[in-house]
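Novice: The structure that follows is given in the form of structure tokens.
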Amino acid sequence: MTTEAASSSNPAHFIAAFGTGGLLTLMVHFNGELAHYGNALFASWTAHGTGTVAAIILLLIFYRGRISNRVKASGAPLWAYLGGLSGAATVILTSTTVNSPLALSGTLALGLAGQVVFSVAADRWGLFGLPKRRPDVRDMAALGLVISGSALIILFGRGGV
Amino acid sequence: MTLFILLACLAGVLVGVSRQLNGRLSMSTSPLVASFWNHAVGFAILTVLGFFVGGLLPSGAGNAPWYAYLGGPVGVIFVAAGSWAISRIGAVNTALLIIGGQMVSGVILDFLQSAPASLWASTFGVALILGGMTISRRRGKGAGTPQKADVTLTE
């Protein structure tokens, strides 16, 4: 058996991804504090700056002496380095819509919809060089439940906050 | 209003694009390297943008509590973990779990700070999310996985 097949249903991946969502809550909370004292651009700029420094420190710890050949990727297309561009654009869009009639709850709910539709397309066609995966009925059911639950929490549970 | 709706949806799409790109980069390098480039490129772009629109160094920034500056380092782990997961469990599963994790931990954070506006909506929402995650985890042979074999070995 290949490691790929084994890892496909490894619970560790699911727990890690779920925990990652928890990190996102922390991150949004901290960055929100920065934006509160400064502004949205300052918050994102600072987070990317301190993040870059933190990443360098972690790379130094984990890849001592092997950084040069790690960072200079072999075989990665240039566009694969543009995740940060997409992320920076996201910040600009959301700080615009949060201050529109949509407010935070509308921004979150619609962003969720955009994210989900894109992820289905990304798996279906293997967009940007990642493996193709055909979503099945179970995936769609799971997606429906998570979206409904999230919509409930965003629109009613957190009082539109 | 239609414009704002489109922009908010586009923001969500771009979150997915970013995760897809970082996932692709991490396949050729490593999740941590992908996270590094994500932050370095984002920092460079926002710096240039800041020179044009201003506001990079607002006066009140010095009053922010020290822990507010932890958002960046937390983000490094977040991006690395997302890049690691997406090449293994796919975009749909990664999005689904991150959204679920964000919602459930958000509700917990609300509870710790102050009571949420609606207890039933939060509780029912969390139940739906956990149900969805359970379904996606207990998958049949080959469902949504790149290879069909050996599912039983790891269950």
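Quick reminder: no glycine exception, Cβ is built from N, Cα and C everywhere.
Quick caveat, the model's predicted, so the values are computed rather than measured.
Reproduced below are the annotations present in TrEMBL:
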type: TRANSMEM; residues: B:35-54; note: transmembrane segment
type: TRANSMEM; residues: B:66-86; note: transmembrane segment
type: TRANSMEM; residues: B:92-112; note: transmembrane segment
type: TRANSMEM; residues: B:119-136; note: transmembrane segment
Novice: Six or more residues out from either end of the transmembrane segment (B:92-112), which same-chain residues have a Cβ under 8 Å from its Cβ atoms?
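Specialist: For the transmembrane segment (B:92-112), the list is 16, 19, 82, 85-86, 122, 125-126, 129-130, 132-133, 136, 144.
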Novice: If we skip the immediate neighbours and take only residues 6+ beyond the ends of the transmembrane segment (B:119-136), which ones have a Cβ under 8 Å from one of its Cβ atoms?
Specialist: 93, 96-97, 100, 103-104, 107, 110
